[in-house]
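Asks: The structure that follows is given in the form of C-alpha cells.
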Amino acid sequence: MAIKTVQDLINEGVQGRHVLVRADLNVPLSDGNITDPGRIDASVPTLKALLEAGARVVVSAHLGRPKGEFKEEFSLAPVAEALAERLDQWVPLATDVTGEDAHERANGLDDGDILLLENVRFDARETSKDETERTEFAAELAALTGDNGAFVSDGFGVVHRKQASVYDVAKKLPHYAGGLVEAELNVLRKVSEAPEKPYAVVLGGSKVSDKLGVIEALAPRVDNLIIGGGMCFTFLAAKGYEVGGSLLQEDMIDTCKDLLERFGDVIALPTDVVVAERFDKDADHRTVDLNSIPEGWMGLDIGPESVKAFAEVLSKSKTVFWNGPMGVFEFPAFAEGTRGVAQAIIDATAAGAFSVVGGGDSAAAVRTLGLNEEGFSHISTGGGASLEFLEGKELPGVSVLES
C-alpha cells in the first residue's frame, strides 16, 4: 500500500487541525550549544508547509539518551531556540511531554502556531520493550491532537526504531510521511533497487560487527566495496598483516576471512595507513605501508596511496553510497583520508555520478571538514536507518505508515 504524504494531508485540509509531527532533532551539543544543526535544518520544510497551511503543530523529538528521566542537559530548550530562528516565529517548549503543561499549551494553539514537547525520552515508556507501556504513552501523545488530529512521521533518523512516538502513535491517528522521510526513502530506493553501474560502496567506522549486515547485503550487488576506518584493521589481520595496536575485533577475524574469500574480487582495502604511537590529536605519527606498522602503534587513518587508489575507483563509478569515516577525522592529523575520499566522491558527482552520504559520522565529517555539502547528490539524516534499509530490514516506523 502506498504511503500517504504530508502533501496529501495538506490537500485534505489541515487548517485548524492539530498535527503531531515526530521530527529527528537529535543534534550534537557542546556546553549547551548546538555544534551541527543539520537535522534541525532538514526538519524545517515539513514544519513550514504545515504551519503555512494553518495547522496547529505539536512537535515530538528526542535528544541523547536520558534513560527515562528528566535531565537538564538533555532538554530541548536549545532546539526550540534554533527552530524559532529558522521558522521566524516563537516556538514555545512544554515543560513536560504529555502532562498538564503540554495539554494546556496544545489546547491554546491557534492556526499556524507551533509547540515543541520536551524530550520524549524523559518518559521511560517511549523506548520500552513492553508494547502495553508504549501503547499507553502513544495514546497520551495522540490525545494532544484532540478530536481531528493527524500524525506526520518526519524523523528519518528514528524510523528503524520501534518506539512509542515513532511506531505506536501512528496506529492511533491518521498517518502520513513528512517530506524528509519521503525524500530519504526515494533516494534509498533508487540506490538499492536500480543503481546505475558501476556501483561503489565506501564503508568506514570503527567496527566490522556494526557493518556486517550491510556488507553481506551489498557485496553481491556492488562493483566495488571500499573499506577504511578502524574496521579495515580486522580485515587486514584476516589477510595476515600485523596491525600493531590498531583497533582489532579478534572475534571477527574468521568472519572477515570468509568475506574476503567470497567477495575478494570487489573488496578494496588500504595499502598504506597513518599510524600514531597513541590515541591523541598531537601524537607522534607517520605514514607506513601495511608491512611496516610498528609494534604497539595504532592505525588512525588511511594513507595517501590508498586515497589515490580509492579515488581512481570512485572516478569511474556512476552510483556511490558512503557510510563511515576513513579515519579519526576529529583529529586534523588523521582527517586527510576522509577528506580525500569525500572529495573524490564530490568529483565523481560533478562528473555525473549519483552519490549518497549515509548519515551519522559521515555527514558530521562532511560538515566538520568544511566540505561542500551541495557536492553530494544526497546527505541522509539517518545513519542507522539508511544502513538497515540497504540491508533489506523492515523499518518499523515506515511499515506502520503503510497500514
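Glycine residues also receive a Cβ, built from the backbone N, Cα and C atoms like all the rest.
Residues or ranges marked as substrate binding site in Swiss-Prot (evidence: sequence analysis): D24, L25, N26, R39, H62, L63, G64, R65, R121, R161. Per Swiss-Prot, the feature ATP binding site maps to K211, G299, E330, G359, G360, D361, S362.
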Asks: For the binding-site residues G64, G299, G359, G360, which one has the sparsest Cβ surroundings, going by other Cβ atoms within 10 Å?
Replies: G64
Asks: Please identify which of N26, S362 has the densest Cβ environment, defined as other Cβ atoms within 10 Å, among these binding-site residues.
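Replies: Comparing the binding-site residues N26, S362, the most crowded Cβ belongs to S362.
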Asks: In which DSSP state, out of helix, strand and coil, do we find G359 (ATP binding site)?
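Replies: Looking at the DSSP assignment, G359 (ATP binding site) belongs to neither helix nor strand, so coil.
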Asks: What is the separation, in Å, between the Cα atoms of E330 (ATP binding site) and R121 (substrate binding site)?
Replies: 28
Asks: Minimum Cβ neighbour count within 10 Å among the binding-site residues D24, E330, D361: which residue?
Replies: E330
Asks: Between the binding-site residues N26, H62, G64, which lies closest to S362 (ATP binding site), Cα to Cα?
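Replies: Considering only the listed binding-site residues, the nearest one is N26.
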Asks: Do you know offhand how many angstrom separate K211 (ATP binding site) and N26 (substrate binding site) by C-alpha?
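Replies: Just about 22 Å between their Cα atoms.
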